[in-house]
């Protein structure tokens with residue numbers, strides 16, 4: 001593994017930790033609203049106050065150990081794969097005499113493909129990590145099935161096998177590929193635009209701007225993937241077999257049943273906390289990555 005890749009993975013880990021610490025309370029509200037029966041909550045505040053009243057403030061960080069470790073790894077993989085793809089495309093640009101200094105000004109297509117690759121690479125880890133997190137976030141507070149992430153992994157694999165950890169994996173790959181293609185395209189185009197208009201290097205950009213650009217990229221991401229994410233959450237909270245309450249035979253079956261029984265509104269339920277969380281979590285992610293990158297590459 002090259003020195004640059006190690007630096008990119010390390011900087012990505014910093015971004016991932018920042019994302020989890022900022023975004024986790026919003027995420028648990030989103031998951032509860034996505035996976036609860038219609039009418040359980042009349043809005044985001046009703047859900048949040050219910051969690052606070054019935055489970056206490058620490059409930060907003062329920063299942064945090066899994067994402068803190070897992071999302072740190074996921075974001076590390078995202079940025080590692082993205083930066084590797086960007087270097088490959090920059091080399092191609094140099095060979096064909098385009099892309100400015102060092103071939104680093106990538107086309108929209110190159111940035112989107114780099115983002116898709118980053119999302120798919122990330123999906124191998126984010127699928128099981130989010131599956132465990134969602135199981136912990138939605139279990140009963142008074143009679144929990146799992147004592148923690150490791151207990152959940154042990155029980156799920158012993159009862160249903162290792163493939164059960166990857167429940168909802170096809171939907172996860174679809175979400176990651178579509179979402180991160182758009183996510184990194186928006187962010188990198190905004191960074192490129194500032195570099196070109198001001199004639200500055202990446203490390204000279206004011207640190208507040210990656211926060212703003214990350215917020216914009218986050219909104220673009222969720223605009224594309226939210227209904228897919230809702231289906232993923234339903235699949236990952238579903239029973240493993242008919243005897244354990246399985247409702248959906250497949251992702252397609254899930255879409256059909258949700259549409260028929262709950263209507264189109266179900267596909268955007270929980271969007272409020274996501275839109276509030278997005279600028280903070282994604283801004284923190286890119287700020288963490290950019291600052292760590294500057295430190296590591298200086």
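Glycine is treated like the rest: Cβ placed from N, Cα and C.
Features reported for this protein in TrEMBL:
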- 6-88: repeat 'Solcar' (REPEAT)
- 109-193: repeat 'Solcar' (REPEAT)
- 205-295: repeat 'Solcar' (REPEAT)
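Across the residues of the repeat 'Solcar' (205-295), the predicted structure has a mean pLDDT of 92. Taken residue by residue, the repeat 'Solcar' (6-88) breaks down under DSSP into 71 helix, 0 strand, 12 coil.
Residues in the repeat 'Solcar' (205-295) partition by DSSP class (helix H, G, I; strand E, B; coil) as 75 helix, 0 strand, 16 coil. Within the repeat 'Solcar' (109-193), the DSSP-based counts of helix, strand and coil residues read 72 helix, 0 strand, 13 coil.
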